[in-house]
Amino acid sequence: MCRIFIVLLVVAALAIIIEGQLTFSSGWGNGKRSISSEQINDDCNPEEAIFQIYKLIVSEGERIRACQRDGKM
């Protein structure tokens with residue numbers, strides 16, 4: 001009896017998942033999270049982004065060293 005209940009429960013869960021996948025529509029066009037041509041910024045390149053991240057890491061490292069030197073950590 002318990003095995004039949006578990007099988008029916010699994011089948012019901014799968015039916016819900018499958019029904020959700022069948023009703024999904026990909027034909028909605030551009031949603032609110034898509035990038036429009038007006039929002040694209042070609043001025044930013046990957047090298048600049050990496051350099052900004054590097055500068056952030058260096059500045060945080062300097063702050064940590066200063067705190068360790070002053071005995072605050």
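Glycine residues also receive a Cβ, built from the backbone N, Cα and C atoms like all the rest.
What Swiss-Prot records as pyrrolidone carboxylic acid, among Q21, Q68, is residue Q21.
Looking up N30, N41 in Swiss-Prot for asparagine amide, the annotated residue turns out to be N30. Only residues 6 or more beyond the boundaries of the signal peptide (1-20), in the same chain, are considered here, and none has a CB under 8 A from a CB of the stretch.
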